[in-house]
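Working notes, beginning with the structure itself.
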Amino acid sequence: MKIVAPVMPRNVEEAQSIDVSKYQDVNLIEWRADFLPKEDIVSVAPAIFEKFAGREIIFTLRTSREGGHITLSDQEYVDLIKEINAIYNPDYIDFEYFSHKAVFHEMLDFPNLVLSYHNFDETPENLMEAFSEMTKLAPRVVKIAVMPQSEQDVLDLMNYTRGFKTLNPEQEFATMSMGKLGRLSRLAGDVVGSSWTFVSLDQASAPGQVSLADMKRILHVLESED
């Protein structure tokens, strides 16, 4: 299971002062560009990609529709993603599928998509349908993060992940049940077929994230042969 950690600078000075040594035990860097004003994202990008040269980067523009910090029209959203991709070609690009389905056709030629769905309010009853629709599109990664209201919600998310991974072994999934209640799903991803787990360093980017230090200890125990 790969460990993903966010970088969330709010200006170019913060981007330039990122301590990359904190990320040495991380497999993937997620640049949460939505912590910046829209007009600053392209100008801050060089600092991010230079800081993490040689590392795998996920470009994420989490909008207010899915718990993020920026409000964009569908066209603004896809245009900004395409601009960053054209210049920097990040290893992965997060695309909020259900929130921006109207412009998804503009992303069909992109081989590095993380199709994502986030629900910070609940674990919806149609979660299985969301899994199915996104999996059929065969992106690099299907990412689903939902908020549980019960233990059963957590188990449902994990069971759906296991089921869809079994039926689609070549498809990568990154799924999590958020908040304290859902923390188990972040720790047991390998068991159910979730390839990524998101951790926090100085600041969490989503509820229920485990710190990098704790995650390393837990994974060491889970992956130990003894």
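Glycine is no exception: its Cβ is also placed from the backbone N, Cα and C atoms.
Since we're looking at a predicted model, the values are computed, not measured.
Lifted from Swiss-Prot, the feature list:
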- GLU30, TRP31, ARG32, ARG62, ARG186, SER205, GLN209: 3-dehydroquinate binding site (BINDING)
- HIS118: active site, proton donor/acceptor (ACT_SITE)
- LYS143: active site, schiff-base intermediate with substrate (ACT_SITE)
Out of ARG32, ARG62, HIS118, LYS143, ARG186, give me whichever of these recorded positions has the highest number of other Cβ atoms within 10 Å. LYS143
The residue listed as 'active site, schiff-base intermediate with substrate' sits from ARG62 (3-dehydroquinate binding site) (Cα to Cα, rounded, in Å) at a distance of 13
Let's check the environment of GLN209 (3-dehydroquinate binding site): how many other CB atoms sit within 10 Å of its CB? 24
For TRP31 (3-dehydroquinate binding site), which residues of its chain lie six or more apart in sequence with Cβ-Cβ distance below 8 Å? PRO6, VAL7, ILE48, ILE57, ILE58, PHE59, THR60, PRO90
Return only the integer: C-alpha distance in Å from the residue listed as 'active site, schiff-base intermediate with substrate' to HIS118 (active site, proton donor/acceptor). 8
All-chain count of other Cβ atoms within 10 Å of GLU30 (3-dehydroquinate binding site): 23
